[in-house]
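Student: Pulled these from Swiss-Prot:
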ACT_SITE  12  active site, proton acceptor
BINDING   78, 152, 173, 174  substrate binding site
ACT_SITE  197  active site, proton donor
C-alpha cells in the first residue's frame, strides 16, 4: 500500500518529512512531493501550498505521479464545533466549499456546478482515524469540514458559514479541493486535522501562536494511522 499525505504549509509537513526514510524529492509547479517509507508504509508526502487552487493542482500531481491507494489530508483547521479547543482533532465525514455559490441555477449552497454538493470521506479511513484517536486518548469531533479561499476571522463570515452549514465542525482552505480531486480520481480520502484556532475575531492571533501545537498533534495522528496500516499488512 502507498499512502498519499497532503499538508499545505511547511509547518504542517516538516515533522513528517524529517522522518521519511530513503527520501526523494519531486518539485513541480511550486509543489514538493517527498517519497519514501514512514512507519513501515510507502508514503508520498505533498506540500501543496495554501488555498484551493494550490491544493487541487498538488493533489492532481500527487495522484498522477505517485498513484497512492489512499489520501490523508493533514494540518491545521479553525474549530467551529463548540467542544473543540486548540490541539483537538477533527475528522471529516464530508467536505464542502463554503465560498461557492451557483444557487441561481438550482444548486445547493457550496455546491459547484456539475459536482456533488459534498465530497464524502472514506468510512474505513474515518474508522481508522477514530481508532487512533482512542488509542492516543485525544479529544476529537467527526463532521463536516468547509473550505474556502479566506481565513475566517470575524463575526460576519463566521455567522454566514454557520447559518449556511449548521453542522460544520471546522473550516480551513484546502480540504474540499483535495476531496474534489480525489472524487474525480476515485481515490479514497479522509481529512484529519488539528485545531489551531477557534474561528472568531482573534483567530489570526491564535493561529500564529498555536500552529506548531496543531502541527505536532496532526503529525502524531498521521504516524499512528500509518503504524496501524502497517500492522494490517
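Think of each number as a place in line: the chain as shown, counted from 1.
Using N, Cα and C of the backbone, Cβ positions are placed for all residues, glycine too.
Mind mapping these onto the model and telling me what they sit next to?
Tutor: In the structure as shown, the Cβ atom of residue 12 (active site, proton acceptor) sits within 10 Å of 27 other Cβ atoms.
Residue density at residue 78 (substrate binding site): 27 other Cβ atoms are found within 10 A of its Cβ, drawing on all protein chains shown.
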Student: Can you tell me how many other Cβ atoms are located within 10 Å of the Cβ belonging to residue 152 (substrate binding site)?
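Tutor: For residue 152 (substrate binding site), the 10 Å Cβ neighbour count is 23.
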Student: Relative to the Cα of residue 197 (active site, proton donor), which of the recorded positions 12, 78, 173, 174 have a Cα no more than 10 Å away?
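Tutor: Neighbours among recorded positions, in sequence order: 78.
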Student: What is the number of other Cβ atoms found within 10 Å of the Cβ of residue 173 (substrate binding site)?
Tutor: 23
Student: According to DSSP, does residue 197 (active site, proton donor) fall in a helix, a strand, or coil?
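Tutor: Assignment for residue 197 (active site, proton donor) reads strand.
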Student: What is the maximum Cα to Cα distance, in Å and rounded to a whole number, among the residues 78, 152, 173, 174 annotated as binding substrate?
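Tutor: So the binding residues stretch over 13 Å, Cα to Cα.
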